[in-house]
Amino acid sequence: MTSAEMTSPNNNSEHQAIAKMRTMIEGFDDISHGGLPIGRSTLVSGTSGTGKTLFSIQFLYNGIIEFDEPGVFVTFEETPQDIIKNARSFGWDLAKLVDEGKLFILDASPDPEGQEVVGGFDLSALIERINYAIQKYRARRVSIDSVTSVFQQYDASSVVRRELFRLVARLKQIGATTVMTTERIEEYGPIARYGVEEFVSDNVVILRNVLEGERRRRTLEILKLRGTSHMKGEYPFTITDHGINIFPLGAMRLTQRSSNVRVSSGVVRLDEMCGGGFFKDSIILATGATGTGKTLLVSRFVENACANKERAILFAYEESRAQLLRNAYSWGMDFEEMERQNLLKIVCAYPESAGLEDHLQIIKSEINDFKPARIAIDSLSALARGVSNNAFRQFVIGVTGYAKQEEITGLFTNTSDQFMGAHSITDSHISTITDTIILLQYVEIRGEMSRAINVFKMRGSWHDKAIREFMISDKGPDIKDSFRNFERIISGSPTRITVDEKSELSRIVRGVQEKGPES
């Protein structure tokens with residue numbers, strides 16, 4: 001099967017669509033609606049270090065490995081030896097492909113001893129060399145890295161532009177699908193440094209590496225794919241050991257199946273409050289101030305999975321593995337034994353150790369390798385530090401979307417800013433994404449500090465509306481009765497309600513009579 005078979009136009013369609021060539025770059029074919037237009041040139045533009053050369057090499061490598069389509073790589077910057085050496089870090093053996101006649105690297109890099117142009121500048125010789133290589137190797141894919149170097153080597157930009165037009169026209173005449181890289185000065189400035197490169201190409205892809213808050217965030221944007229459709233806007237990506245990995249969040253569809261099967265939270269009373277437990281493929285958010293018992297709920301959640309011989313992964317971003325093991329053991333949970341049985345995996349990392357896209361990739365990789373039935377993230381708020389609201393929301397969408405796709409039950413925690421009193425759950429930008437929200441908070445009752453728990457929201461199920469007392473003992477969580485004689489608990493200012501004892505006794509008797517004798 002060729003790279004164009006699944007994206008070729010329908011012969012019966014009224015309008016002839018443009019066939020596309022799949023790049024097999026993770027996520028790119030989704031946002032480009034099938035890949036790059038066949039027989040056309042695509043300009044990949046970005047500042048230094050954004051991954052332009054990597055994109056151009058991966059485009060060729062995937063074509064050779066996945067579809068047995070030979071390629072030609074034209075380098076104006078690095079030597080072929082450097083390119084082959086750098087590609088090895090991604091597990092790509094370009095030297096072997098060269099020896100097998102599947103890849104040809106055309107060295108047009110500058111002479112280290114300098115060069116002097118005598119007479120008029122043209123690319124006729126280079127064009128003929130490229131043409132010869134394409135014909136000899138029957139190449140369908142061509143990458144040129146980079147156009148900027150041509151401008152830097154020669155001063156006459158108008159002449160260089162003319163020659164680039166000639167080069168692109170010749171490649172189009174041959175029918176090669178071409179990727180050309182160019183450098184830009186600013187992340188959100190002109191598309192290319194010399195302002196003419198984008199007019200030479202049919203398509204433009206922009207790579208960015210923007211500093212947001214305290215972290216850098218890589219994004220890819222398809223600015224244009226002439227004559228064909230594509231998804232608009234920026235999409236986050238990361239560079240892994242296997243190359244570029246784009247997260248096409250906008251391409252995600254709400255097509256996952258919904259299950260009526262319930263799973264236990266690990267706390268019997270909480271299961272009762274949720275109408276019998278969490279739905280199997282749901283995402284639960286436990287939110288509250290520090291110390292309200294969120295990590296304890298997470299621990300019970302993963303312990304229950306292991307007790308039922310199901311696998312679980314705990315992603316911890318606030319506590320070390322040793323601390324998690326110690327705290328769990330103090331509540332009667334032996335996480336080490338669960339790990340030995342290969343039922344539990346604990347992944348600990350500082351949020352600042354990587355960007356959100358890198359953390360998302362790690363989470364997806366761990367899920368793919370370990371195949372858990374449940375995951376827990378403690379906590380999302382730690383990952384939100386130093387990043388924009390949009391980047392954080394995209395991260396949460398990526399995690400929840402992947403968990404639902406794999407039919408995994410997920411319990412995430414979020415630490416609220418306010419120690420007591422009401423706090424807006426919607427400020428975290430994740431309340432609408434999750435299926436169930438458990439609200440934990442501190443309340444002051446009769447001069448003493450107490451904890452309260454409430455099932456704030458649960459999609460598709462009845463749930464208890466009461467605000468109940470939540471106690472933590474050496475045996476773990478213990479949910480008591482509701483604060484029946486108090487109101488305004490969520491606001492942080494509980495007020496005692498005067499209760500007429502006779503009326504209250506009548507209410508209790510009436511409730512018992514309505515319930516009737518147990519069968």
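Any Cβ shown, glycine's included, is placed from N, Cα and C.
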Which range of 38-47, 268-277, 488-497 is region 'A-loop, interacts with KaiA', per Swiss-Prot: 488-497
Swiss-Prot annotation, phosphothreonine - which of Thr238, Thr255, Thr295, Thr432: Thr432
Residue among Ser89, Ser264, Ser265 sharing the ATP 1 site, where Swiss-Prot lists Gly49, Thr50, Gly51, Lys52, Thr53, Leu54, Lys224, Leu225, Arg226, Thr228, His230, Thr240, Asp241 as binders: Ser89
Candidate nearest Ser431 (phosphoserine) in space, where candidates are the recorded positions Glu77, Thr295, Glu318 and distance is Cα-Cα: Thr295
Distance, Thr432 (phosphothreonine) to Glu318 (Mg(2+) 2 binding site) (CA atoms, angstrom): 24
Candidate with sparsest Cβ neighbourhood (10 Å radius) among Thr295, Ser431, Thr432, the listed recorded positions: Thr432
Model confidence over the region 'Linker' (248-260) (mean pLDDT, whole number): 69
Pairwise CA distance, Thr295 (Mg(2+) 2 binding site) versus Glu77 (active site, proton acceptor in CI (KaiC 1)), rounded so that it is a whole Å: 52
Cα separation, Thr432 (phosphothreonine) to Glu77 (active site, proton acceptor in CI (KaiC 1)) (Å, whole number): 48
Neighbour count (Cβ, 10 Å) for Glu318 (Mg(2+) 2 binding site): 19
